[in-house]
Amino acid sequence: DNYNNATALVITFPVNNYYNDSRKLMKALAWEKEFINFLKNYNNPNLTISFSAERSIEDEINRESNSDIGTVLISYIVMFVYISIALGHIQSCKRLLVDSKISLGIAGILIVLSSVACSVGIFSYFGIPLTLIAIEVIPFLVLAIGVDNIFIMVQTLQRDERLQGETLDKQIGRVLGDVAPSMFLSSFSETVAFFLGTLSTMPAVRTFSLFAGMAVLIDFILQVTCFVSLLGLDIMRQERNRLDILCCIKSNEEMSGVQRSENILFAFFKNLYSPYLLKDWMRPIVIAVFVGVLSFSTAVMHNVEIGLDQSLSMPDDSYVMDYFSHLSKYLHAGPPVYFVLEEGHNYTSLEGQNMVCGGMGCNNDSLVQQVFNAAEIGSYTRIGYAPSSWIDDYFDWVKPQSSCCRVYNTTGQFCNASVTDPSCTRCRPLTQEGKQRPQGKDFMTFLPMFLSDNPNPKCGKGGHAAYNSAVNFINNKSDVGATYFMTYHTVLKTSSDYIDAMKKARVIADNITETMGIKEKNYRVFPYSVFYVFYEQYLTIVHDAILNLCISLGSIFLVTTVLLGFEVWAAVLVSVTIAMIIINMFGVMWLWGISLNAVSLVNLVMSCGIAVEFCSHVTRAFTVSTKGSRVERAEEALSHMGSSVFSGITLTKFGGIVVLAFSKSQIFKIFYFRMYLAMVLLGATHGLIFLPVLLSYIGPSVNKAKTHAAQERTRGTERERLLYF
């Protein structure tokens, strides 16, 4: 109350942005830029100044994005190097440059990036804008899916032995016939899931789903066409003992053909990991541990916070961080909130005025009175102060007892209270009728004068400063259109505070509309504050998250069912495992302080796609296995597909993700490093530990038709070998 004891002063400069005039908008932006530069360079030992302009957050996000380009590039370079090296299987040091597959790895990566570029190009041609979230997430997603398929193709071919008399193209065709259905299953499931994600009402999720679905589809097409051709050329190079990259140079180390080889990781999965994991005493432990983790995640997932703290999107050294901190520390009022009464209300009648005003004679449940009542319990309603009422101040201004409303008796034009002119007379006479509120024509005659009057020492009620934009005139200033009544929220610090404030303001506005009885008249009261446009999404984000994830899971189930030859139970097990991964992602979000917002929801949708890669290959290998028992089939599936999935996704992504931990950006550390790491670790543990054990217990029975077909293929292969021997 004693302003001499104030510890902080807030100064606001209103700047007209003129969004409909690009030239004036550029001037406003230029003014704000100079304002920021001036305060950055201003120094006074007696003052601590924190500041922000409307362009500040966008500027700082751009600066942060640019500062993290190096980190992101290093992350991708680490993944590229690993892929290029890991694809090769070196027989000896002398054949290092022959057996390596650096050029093939680079070609595979370029195919993945080309699919992203094609997706962007296609939708850009149709004028569909690309969001920053999609740019950052889609390359990571497509690289995970694409690299997994590359590893499966290359490593399956490396483990295969060419039959007598079989040409290279026939061998590649035979191997592709074995692995392409699994690749198609995962890629098509992901494509359908992402395209159905465009049903979301959230623009960020809808855009991501659209671009990601097209990128995954194009990537699969390029892999089974372009990459297969490049793989054949690379094997021909290797058979002719030509060096990798420098293919024109021939090695002196001669070798007849490409030897069938099994890398160390495959041997580990086949001889150690798979048999040990599927031992009778180990399987119950695995199930118990995963069920326990799932129970914990289910119990805490509803506690995940909703929203995005603005400070997380700022660099650590940003001047805006000080501004946020001081707002929270010193400011006693929150953001302004406007209760807007739409066009259609009659302000010229006594009844219409009583429904709105808050002074003597007004309704007890009028608009102003209800907002005032809400401010009395501000700790609950988040309304901090009584509203500024233009209509009540107008009534005080126009009454003849004040010296505010005056006109020149000669011209009838408005005469400001500070003007000393004997020709200036009161607008209304000092009679009983003159002391009453103006109605009808009188109301509209003096209202423009009130809104043009600047406050001065003789009349502090002039409405130009406070209400110039609060009243919208229509029909050539003969009627009042939409108007607003401004107040302030209480101090809002966290995302949950902002969301709750918006919800409560809407409840108040709806109640005002109800009590005024104007709902059937096709106009209403609604609240508006500058932050509502950012927090609107959080009112429906839980519903959007459930809808998007359920659509993704449903589409994965349907596609998996069809492409596995209507193995419904296998599709159920895949869907259940992916659902467990998603639920456990929520558990990690709660443990690691990751809130639910557009960024994390896009990551959750993406995790559905990556989870398919971890689960579908192993499941399909299990369904086509001809072994006798479920345990043996699970062991065979894990042995053949586990090493490719582990080296293709887990190790590739792990190297790139670790680099993101060194990012300067909080948003990168939280929503990319933490979520990506959780995504890969949960996908790997569920796909390579839980799912094989689950299949060994309740996996689908052996399909007799598939078993018969496999036996026929085996007989044919043996017959060919015997004939040639």
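Glycine too: its Cβ is placed from the backbone N, Cα and C atoms.
Here TrEMBL flags 68-233 as domain 'SSD'. In the predicted model, the domain 'SSD' (68-233) shows an average pLDDT of 81.
The transmembrane segment feature in TrEMBL is assigned to 69-90 (among others).
The feature transmembrane segment is assigned by TrEMBL to 102-126 (among others).
Under the heading transmembrane segment, TrEMBL lists 132-154 (among others).
The transmembrane segment annotation in TrEMBL covers 175-196 (among others).
Taken from TrEMBL, the feature transmembrane segment applies to 208-233 (among others). Outside the transmembrane segment (208-233), and at least 6 residues removed from its termini, the chain residues within Cβ reach (under 8 Å) are 104, 107-108, 111-112, 114-116, 118-120, 122-123, 128, 130-131, 133-134, 137-138, 141-142, 145-146, 149-150, 153-154, 157, 168-169, 172, 176, 180, 183-184, 187-188, 190-198, 200, 548, 602, 605-606, 609.
With a cut-off of 8 Å between Cβ atoms, the residues of this chain six or more beyond the transmembrane segment (545-564) that come close are 181, 184-185, 188-190, 192-194, 196-197, 199-200, 205, 209, 570-572, 574-575, 578-579, 582, 596, 601, 604-605, 608-609, 612, 616, 619-620, 623. Annotated transmembrane segment per TrEMBL: 545-564 (among others), in sequence order.
Among the features that TrEMBL reports, transmembrane segment is placed at 571-592 (among others).
Per TrEMBL, the feature transmembrane segment maps to 645-663 (among others).
The transmembrane segment feature in TrEMBL is assigned to 675-698 (among others).
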Long-range neighbours of the transmembrane segment (69-90), counting only residues six or more past its ends (CB under 8 A): 96, 99-102, 104-106, 108-109, 136, 139, 143, 147, 150-151, 154, 158, 244, 261, 263, 647, 651-653, 655-660, 662-664, 668
Criterion met for the transmembrane segment (571-592) and the transmembrane segment (175-196) (at least three Cβ pairs under 8 Å): no
Long-range Cβ neighbours of the transmembrane segment (175-196) (under 8 Å; 6 or more residues past either end): 145, 148-149, 152-153, 156-157, 160, 209-210, 212-213, 216-217, 219-220, 223-224, 228, 551-552, 555-556, 558-560, 563-564, 605, 608-609, 612-613, 616-617, 620-621, 641
